[in-house]
Amino acid sequence: MAADNSSSDPHAPGPQLSVADVVIVAVYFAVNMAVGVWSSCRASRNTVSGYFLAGRDMMWRPIGASLFASSEGSGLFVGLAGSGAAGGLAVAGFEWHATYVLLALAWVFVPIYISSEIVTMPEYIQKRYGGQRIRMYLSVLSLLLSIFTKISIDLYAGALFVHICLGWNFYLSTCLMLVITALYTIAGGLAAVIYTDALQTLIMVVGAVILTVKAFQQIGGYEQLAAAYAQAIPSKTISNTTCHLPRADAMHMFRDPATGDLPWTGMTFGLTIMATWYWCTDQVIVQRSLSARDLNHAKGGSILASYLKMLPMGLMVMPGMISRVLFPDDVGCVVPSECLRACGAEIGCSNIAYPKLVMELMPTGLRGLMVAVMMAALMSSLTSIFNSSSTLFTMDVWRRLRPRAGERELLLVGRLVIVVLIGVSVAWIPVLQGSNSGQLFIYMQSVTSSLAPPVTAVFVLGIFWRRANEQGAFWGLMVGLAVGAWRLVLEFLHPAPPCGHPDVRPALLRTVHYLHFAVALFVLSGAVVAAVSLLTPPPAGVQIENLTWWTLARDRPSGAKTGDGPASQKHAFWARVCSLNAVLLVCVNLFFYAYFA
């Protein structure tokens, strides 16, 4: 089967869309727009809280679905399946590890954020540490990361999928999704984003389940996958090398700390630091939890999202591995000329694993469903980024430039920022087309490991250590930025060598895994924060009131009911339900880790 498909050109126009495919895609867009318009009309959009935080009246189900959908952009669909095809199961740890930090978000971080009555994460930092320079730095850093990593990766992967599957013009498909996404984001604010995310989560899960079932029907079952993956070797290889061989530890989650591509030490400690930044301090994610009507709904949303985050192992990673088994000459190619033929990138074609599976296995009609799934993944991620970036710029940058700006002006600026983001995104497409598609997932993780740990250190110390002050936080961020940027520059100047070439990169890149580097950078930044804080005056007591775990007001305005009435009893009951579900969730997560260890 692989030989029969090895000569196909994914960049040529895909199969002709049937009437059923066209109808499914059209219905998806129509329903998506209808949900966006309905939620826009339903929500209050004429106040800052209504537009940016959905009036703080969201229930746990749409919050959980939105948390999941916001993190499952098209870049993750393509990237997880591609990494699964290239290296096996361990990449699923990036998804499963979210369980613990999502629980930390709801039980630790959100109570403090609600108590501090903030809208953005940099706003919390400004309240906690004082001054404006840290808040401005974090706002600008978040905006840049959104444009050049989140938006760029999702746009490239989503457009690549549609281009390969349907043969649509790359620019046309990208611009169409951008415009439709931006329309209801501009119109409805966070409420529209969360409700459309809930719809798109359903579409993503249903479509991915159908593809996974059909993929396993082709291969047999899990044991057959393990045996077949070990033999998924392309017909053309590079002599005297082993890069064409599947990893011996492909079916294991925990890998050697020194030789593993995803060492267990890095996946345990380094990933925790990076995941804490993403799930507990990143505006895109935290904004959803801040929209909850009370703390129980925030907890319920985190629990639902954590359960959903268990799915990508079976819905993305394993299908990627099956794709390599079925199409080893394309997905598993190692010879540069063969890879160039298969996907247009000399370094490898693992990122075509998911779209290749869709095109070869899905029948007419269902192929249109999978196109809708990828559009859902892309648009969910983009709506989240657009709305959160708009919030950051409006609340942290524009209000700083124009402190007397009224609500009408802030809302107008928030909508205009989305238009600017669209322009930057479209202008970035040629750069994405020239980038190395084989490095998308690694690129995203490397950037995160170099820039996120200092931010995590500042948030964690700010919440748990009352002595941390503004001078310590600022210099911790600056030192961390300098060291992280140094490694990033080295990575861009010295990319990983292709198969068959010696690794002559600097020792920092050759011997220190990016997940291990994240740990070192976190420790360094935290040490600088602590040292400078101890050498300078402590923050005043009023400055940390309601802003740290130890000074948190227990009567915080979280929507919690007090007293002995029915409302209070109901609130206490659901608080216990959330806690029991959290314990059950951790047990399920640990079981899966142990099973695939």
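Heads up, the Cβ atoms here are built off N, Cα and C, so glycines get one too.
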Membrane side check (same topological domain name in Swiss-Prot): Phe68 and Ala572?
yes
Flag the pair the transmembrane segment (445-465) / the transmembrane segment (151-171) as in contact if three or more Cβ pairs fall under 8 Å (sequence separation 6 or more).
no
Using a Cβ distance cut-off of under 8 Å, indicate which of 151-171, 202-222, 266-286, 515-535 has the most pairs with the transmembrane segment (473-493).
515-535
For the transmembrane segment (101-121), which partner among 151-171, 202-222, 266-286, 368-388, 515-535 gives the most CB pairs under 8 Å?
266-286
Looking only at the topological domain 'Extracellular' (95-100), how are its residues distributed among DSSP helix, strand and coil?
5 helix, 0 strand, 1 coil
Do at least three CB pairs under 8 A connect the transmembrane segment (151-171) and the transmembrane segment (266-286), leaving out pairs fewer than 6 apart in sequence?
no
What Cα-Cα separation, expressed in whole Å, is found between Ser142 (phosphoserine) and Thr149 (phosphothreonine)?
10
